[in-house]
Structure formats: structure tokens, C-alpha cells
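Presented below is the structure to which this report refers.
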Amino acid sequence: MSDVCLPRSQLCDGRNDCKDGRDETRKLCGSVQPRPQSLPTSCAASEFRCRDGECIRHAWRCDHSPDCSDGSDEDDCDIGDQDECRVNNGGCSHYCLDQSVGFLCSCPANMKLVGDSRCEEVDSCLESDVCDQLCVDINNSLTCKCHEGYHMNASSGECRANGEEAQLVFTSSKGIQLRNAESKSLAAYLPGPGPVAVVASNLTLYWAQREQGSIYRISVNKKPHEAILVVRVQGLVSGLAIDWIHQLLYWTSPEEGSVNVALLDGSSQVQLITGLYDPSAVAVDPLRGLLFWAQCGGSPKVEKSSLDGSSRADVVTSLIQQPVALTLDMTRQLLYWFDQGMRSISRISLDGRHRKTVVESNGYLDRLFGLAVFEGFLYWGDEVTGSICRANKHSGSNLQVLMSNVTSPGGVALLHPVLQPHGPSVCGRPGMTCQHGCVVDLHPDGLRFSCGSPETKENSQVPGIFSTAPAKTLPDATFAGYLSLIMFLAVLLVGTALWWWREELRPSRSLTLQSFSLKESRVPLIVQPPSGSEADVGPGNPSEAGLGR
């Protein structure tokens with residue numbers, strides 16, 4: 001037995017740090033495969049580089065406890081004379097306090113220490129977690145509000161979605177299923193557990209059969225429920241996400257080490273991000289133009305980029321072992337991830353700050369694949385216990401098992417219009433105004449967003465091109481003036497024609513409504529929703545959509 005304490009990052013890392021190997025036992029680590037060890041080429045300013053190239057925390061240098069594999073962190077230590085703070089401020093971002101053994105980093109009053117060396121500003125709203133969504137801090141007094149499409153529950157202060165209740169979508173060995181939060185009704189469509197994503201505007205479900213590399217879609221409104229093969233790829237599909245504004249489908253391929261994108265019908269497939277080690281999950285925020293993905297192999301981490309793959313940056317790189325699921329709480333601009341190796345669900349702001357572990361091993365986090373957030377709860381499925389669960393998204397409290405005895409639960413998603421609000425396209429944001437719509441161009445070299453040209457016979461059928469709604473380019477006053485002038489000229493023209501017809505012509509036959517035929521306009525529509533129409537969903541057929549209370 002050993003009484004040496006290890007940091008969490010050294011647990012289940014594929015190397016015996018305890019003499020008796022207890023930090024790598026199957027009981028502790030489960031069935032998780034040890035992640036491959038690769039030494040970094042350089043160490044951070046807050047780290048000490050061991051003689052063999054390994055990086056450890058600088059605070060562990062000369063602390064009378066070997067932390068480097070070769071013990072070099074305890075070489076050449078003169079505790080009485082050494083002041084670590086003199087060298088690069090000890091790696092501290094703000095204050096460095098020299099100690100008799102080692103040193104400590106500290107922060108100003110309005111900041112807190114993150115990890116061992118970095119200070120960040122305290123966010124009172126995130127620290128307190130008293131608000132479900134919007135939080136206003138005025139003189140240390142917090143006021144909670146809800147986003148459009150939600151209302152605040154008078155008794156609990158929670159933000160609840162307006163309209164019909166959400167439906168829980170999940171996959172299992174019995175197929176893709178819907179569960180109404182109150183009635184608990186189920187409908188199985190096609191076998192195959194795997195990741196799942198939804199398009200709320202036309203009630204279309206997308207899911208992947210994890211072992212076959214096939215992505216399907218199905219319309220909840222249309223009967224019979226026929227699954228349509230959208231994408232067939234080499235190997236597995238580990239993650240799935242939908243950009244409902246630009247009508248794009250993203251997925252991760254572990255075998256190819258890539259994040260891929262295509263149109264919602266599966267056409268114009270492109271490898272957007274390559275060179276990844278075992279990518280495991282993907283999430284997209286089209287309102288802010290951000291794409292997130294996780295990788296389990298090599299150096300496990302979570303990254304982000306713009307929707308076209310540019311502006312790539314790290315989000316989570318430390319204290320992470322095996323991230324296998326991602327989801328976004330867009331109402332609070334937070335990213336959640338599940339770490340299979342650490343048996344925990346954590347969150348972080350989209351800029352990589354304000355990290356917090358929300359749910360830790362509670363008996364229902366043994367092998368999780370799907371993760372979703374709605375209102376005040378996190379939802380997930382656990383394969384070991386065969387359960388669909390939810391817990392408070394702020395603290396992990398109020399754990400509820402919604403379903404049990406689910407065979408091989410896979411992906412999890414929530415279906416509700418408020419989760420996919422309307423917003424400007426990438427081209428409709430400040431600094432880019434398009435008169436003829438935003439063109440989404442998928443080509444072999446990647447994904448590109450640009451302003452479009454008026455549609456012609458030559459460009460209307462180009463594969464991989466999709467146009468979204470154009471931004472308004474005229475000021476309101478100018479637009480109103482043009483409209484008034486057009487209406488005046490139209491009235492004048494009609495009056496003149498009627499007078500001339502009455503005075504000069506003798507009609508040979510009467511005209512009826514049947515004399516006219518209305519043909520579909522040949523002017524191209526810029527706005528085209530995904531397959532299916534919002535008109536299919538409405539008060540007239542709630543039973544088919546499965547959204548009735």
C-alpha cells in the first residue's frame with residue numbers, strides 16, 4: 001500500500017504512478033483504454049520540463065516528492081536559497097508568493113485562481129448559478145431574465161419554453177424513439193443506436209448507425225415513417241450536429257480523423273477539419289458562427305473554429321481524458337462535455353473560461369454517448385445501466401431516471417422550436433451585407449460563405465451551392481418611400497386602364513375566375529427551408545407531430 005497522493009490527471013493515464021499500480025486498475029478505470037502517451041514538444045510557462053521531456057506543474061519542482069518519471073524535478077534543489085518567483089514570475093499570471101518549499105500563485109480581489117497559475121475575472125452570474133438564462137449584475141445584485149420564446153415560472157424562477165412541450169429523441173438497439181415528457185409515449189422507427197440530431201422546423205430526425213457508418217433521416221410528420229439514407233461513410237460516425245440556419249450537416253469520423261460537412265440531403269460532402277486523433281463528438285452554434293469538436297486520442301481536447309473551419313482554437317486542453325459527448329446551452333453561451341475517463345460532465349464558456357464540473361460519477365455515468373441540455377436540465381443516456389437520465393444543469397442535483405431497461409442507449413436530443421431560433425446567416429452579420437443572399441459553397445477544398453449573385457440558368461443548378469435569406473439593404477424610410485411611389489403608380493395605371501376599357505372596348509365575353517390560371521413563379525426563392533415545410537407542422541395536426549400536450 002502507498003500513501004502518496006496523485007493529481008487527478010495522473011489517474012487512468014496508461015502509466016503506473018503508484019508503486020502497486022492502483023491508479024491504473026480496471027476497477028478504478030473501468031473498460032477505458034489507456035490513452036497513448038506522447039511527450040509534448042514544449043511546456044507551458046507554468047510548467048517545468050523534465051529531463052525526459054515530460055511536463056509537470058512548476059509548483060511541483062523541488063517539493064521533496066518526485067513527479068517527473070525520471071525524478072529530475074528534484075535535482076539541483078537548494079531549498080534555502082532558491083526563489084522560484086524570480087524566474088518568469090513562477091509561471092503565475094499575476095502574483096507569485098515564494099514559500100519555504102516551492103511557491104504559490106495568487107490573484108487580485110476581483111479575480112480567482114484557475115488551475116495553479118492563471119487568474120481570471122470572477123463572473124458573479126456564473127459563480128452563483130442562480131439564473132437559468134440571462135443574468136444582469138447591478139451593484140452586486142443579480143436579476144434573472146429569460147430569452148425570447150421562454151417565460152419565467154413565477155414560483156421557481158426557472159425559464160420554461162413557450163408552446164408545446166419538448167420531445168426527447170434517443171436511439172437504442174430498438175431504433176430511434178420519441179418520448180413525450182408527460183405521456184411517455186414511444187415510437188420505434190429503425191434499429192441502430194448512434195448519435196442523433198434534429199431539425200425542429202420540419203420535425204426531421206437525423207441519426208447514424210454507429211457501427212455501419214450510415215447517416216439516415218426520417219420525418220416525424222410523414223407516414224409511413226420511411227428512413228432515407230443520407231450519407232454513407234467509411235468506418236464509424238461518432239458525432240452528429242446540424243446547422244439549421246445554413247442547412248448543413250456535420251459529423252465526426254474516427255477512422256478518417258476528420259470533421260465532415262455536407263448539405264442536409266447528404267450532397268457535396270467535404271472534409272472540413274483533418275488530422276485529428278479519434279474525433280468523438282461535434283456541436284454547432286450557427287447563431288454565433290462557431291463549430292466545436294472533441295478528440296479522445298493523442299492529446300485529448302476540445303477545439304472550436306468558425307463554421308468554415310477557419311480561426312481554429314483550443315477550448316479545453318487540461319484535466320481532460322476521454323471527451324465523448326458535446327452539447328451547447330446557447331441561452332447561457334456554455335459548452336458542456338462528458339469525459340468518459342473522469343466520469344464527469346463539465347461546462348465552460350465559449351471563450352474557454354469559467355470552467356466548472358457539474359456532474360461527477362453518480363452511478364449513471366459509466367458509459368455515456370448522448371448529451372443534451374434543455375431549460376434547466378442536462379439529459380443523457382448511460383449504456384451500462386440502460387438508463388435515460390437528467391439532472392440540474394447548474395449543479396448536477398435532482399438526478400432523475402426518466403427511463404430504465406433501455407437496451408444500448410445511444411444519442412440523445414431534445415425536439416422543440418425554441419432550441420433552434422431564427423437568426424442571421426454568416427453573411428448577415430456586421431461588416432457583410434449581401435443583396436442577393438448568402439451563398440454556402442461546398443467544394444473539394446472546403447466550405448465557403450460568400451455573397452451571391454442573381455440566380456441564372458448557369459448557376460442555379462451548381463452542386464454544393466445553397467442560398468439563405470438576403471440581409472435587408474434599404475433603410476426603413478427609403479423602403480417606405482419606394483413602396484408608396486409604386487402603389488401610387490399602380491393605382492393610376494389601373495384607373496387609366498379601366499376608363500379606357502369602358503369608353504373604347506365592348507367585351508365579347510365575361511371574365512370569370514376560371515379564366516385565369518395561377519402558375520408557380522419562376523423567380524428563384526432565396527429562402528428555402530430543409531426538406532419538408534413548416535406548414536406541415538401546426539395546430540391542425542398536433543397528433544401526427546406528437547407535440548400535443
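From the backbone N, Cα and C atoms, a Cβ is placed for every residue, glycine too.
The following features are taken from TrEMBL:
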type	residues	note
DISULFID	Cys43-Cys55	disulfide bond
DISULFID	Cys50-Cys68	disulfide bond
DISULFID	Cys62-Cys77	disulfide bond
DOMAIN	81-120	domain 'EGF-like calcium-binding'
DOMAIN	84-120	domain 'EGF-like'
DOMAIN	121-160	domain 'EGF-like calcium-binding'
DOMAIN	124-160	domain 'EGF-like'
REGION	527-549	region 'Disordered'
REPEAT	247-288	repeat 'LDL-receptor class B'
REPEAT	289-332	repeat 'LDL-receptor class B'
REPEAT	333-377	repeat 'LDL-receptor class B'
TRANSMEM	479-501	transmembrane segment
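The Cα atom of Cys68 (disulfide bond) lies nearest to that of Cys55, taking the disulfide-bonded residues Cys43, Cys55, Cys62, Cys77 as the candidates.
For Cys55 (disulfide bond) paired with Cys62 (disulfide bond), the C-alpha to C-alpha distance reads 14 Å. A simple way to gauge crowding: the CB of Cys55 (disulfide bond) has 16 other CB atoms within 10 angstroms, across all the protein chains here.
A Cα-Cα distance of 12 Å separates Cys62 (disulfide bond) from Cys50 (disulfide bond). Sparsest Cβ environment among the disulfide-bonded residues Cys62, Cys68, Cys77 (other Cβ atoms counted within 10 Å): Cys77. Rounded to a whole value, the Cα-Cα separation of Cys77 (disulfide bond) and Cys50 (disulfide bond) is 14 Å.
In this structure the alpha carbons, written CA, of Cys43 (disulfide bond) and Cys50 (disulfide bond) are 10 Å apart.
Each of the disulfide-bonded residues Cys43, Cys50 was scored by the number of other CB atoms within 10 A of its CB, and the lowest score belongs to Cys43. For the domain 'EGF-like' (124-160), the DSSP-based tally of helix, strand and coil residues reads 5 helix, 15 strand, 17 coil.
Note on the domain 'EGF-like' (124-160): mean pLDDT across this stretch is 87. DSSP assignment over the repeat 'LDL-receptor class B' (289-332) gives 0 helix, 23 strand, 21 coil.
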